[in-house]
């Protein structure tokens, strides 16, 4: 007689399921991001361009009084406010991957880390070759970035033609890449430091760490201190998005109630329910039933780690609102410059070669080097063709590249050249990556299990 086999629910399995949901959300979010980009380009290059740009510069003031208020433009609220949540989600994903995912041990983490390292160093080097001793040299961080939402969205278009391991590899690579980009922003693209603000930020961070260490798991308390952390970073001279990453690292990953304890408690509660005469009592009038069910509900909530509860609450909002809104505000480039002008500019050439050639060469070469030295191994089910393809797709720098552009340059002409170059490079990288990954037949499950490399 057939029986339905039910998988045991544990924190580990729950985290892995969260990872699968993340992939689906990021793929769909990537497609929405493409749409938002097209809308921004249309708005910036039609008769409504002035209205579009005027709206982005409008000031929004939030505060209780003149001395307790924050006044930022719409664009600043998006780049310095909403993008903090983007980096918070990236940090939560990173922490989860380090604990139980693709970065949970050296063998798993080494290949995407090697790939990310090559994918940052080689593009920056190529950019420097074109912009050495020029004012545009400070844009070297632009081609280092990978847009995880766009990349997964493009990879998702290939469906079952690519193994799921490749999507996981891309996520791990992009997260490692994001860490590098965050460090670059914090160290090289921050203005004059306001030490008092940093002292306040350090105090908030210390309290958050103590809360985590002492086992306090109330998310509302963490969020309140997280807001203090962001406010301190806002005028510190260090870009406030770093607050999102630092905050994420303090969120508890252990549940308030372990699975074994939950099972025992639930079993006891069920036994209590079995003693009740359910025929002659009604849930709406029986306080005992209500109390038992409420306890089970609370226990179920407490088996979910705070990190996963926060990640689940924010991932959809991040993928379907924050990232598309960022694209809507930042991708509106006036296409007044021709491709020939971009290609004749050292800045444009540096970005194009960095993202299109530097990414794929760096990712492939460093991955191969790591494998040859014995520090890393190709994930089961992947071939080097997949690494080349994903290396090309990682050249879609978009979100992070645009973000660093705004930090690197004040000259509007340079910003225009950089943005057009990023859009062009991302388009070329996406098409090339899809073509490479579409070549050849999809391997059988047996072949994937054997883990062929060529």
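Along the chain as shown, residues are numbered 1 onward.
Using N, Cα and C of the backbone, Cβ positions are placed for all residues, glycine too.
TrEMBL assigns the feature transmembrane segment to one of the listed ranges (86-103, 194-211, 212-229, 230-247), namely 194-211.
Looking at 30-49, 50-69, the range tied to transmembrane segment in TrEMBL is 30-49. No contact links the transmembrane segment (420-440) to the transmembrane segment (194-211), because fewer than 3 Cβ pairs that are 6 or more residues apart lie under 8 A. In this chain, the transmembrane segment (317-339) does not touch the transmembrane segment (114-134); fewer than three CB pairs sit within less than 8 A of each other, excluding pairs fewer than 6 residues apart.
Where the transmembrane segment (387-408) meets the stretches 30-49, 166-188, 317-339, 351-375, the count of C-beta pairs under 8 angstroms peaks at 351-375.
Count of Cβ pairs under 8 Å against the transmembrane segment (317-339): among 30-49, 140-159, 351-375, the largest is for 30-49. Long-range Cβ contacts of the transmembrane segment (351-375) within its own chain (Cβ-Cβ under 8 Å, at least 6 residues beyond either end) map to 110-111, 114-127, 130, 139, 142-144, 146, 173, 342-343, 384, 387-388, 390-392, 394-397, 401, 418, 421-422, 424-426, 428-429, 432.
Residues 149-154, 156-157, 319-320, 323-325, 327-335, 398-399, 423 of the same chain lie 6+ residues outside the transmembrane segment (30-49) yet bring a C-beta within less than 8 angstroms of a C-beta in it.
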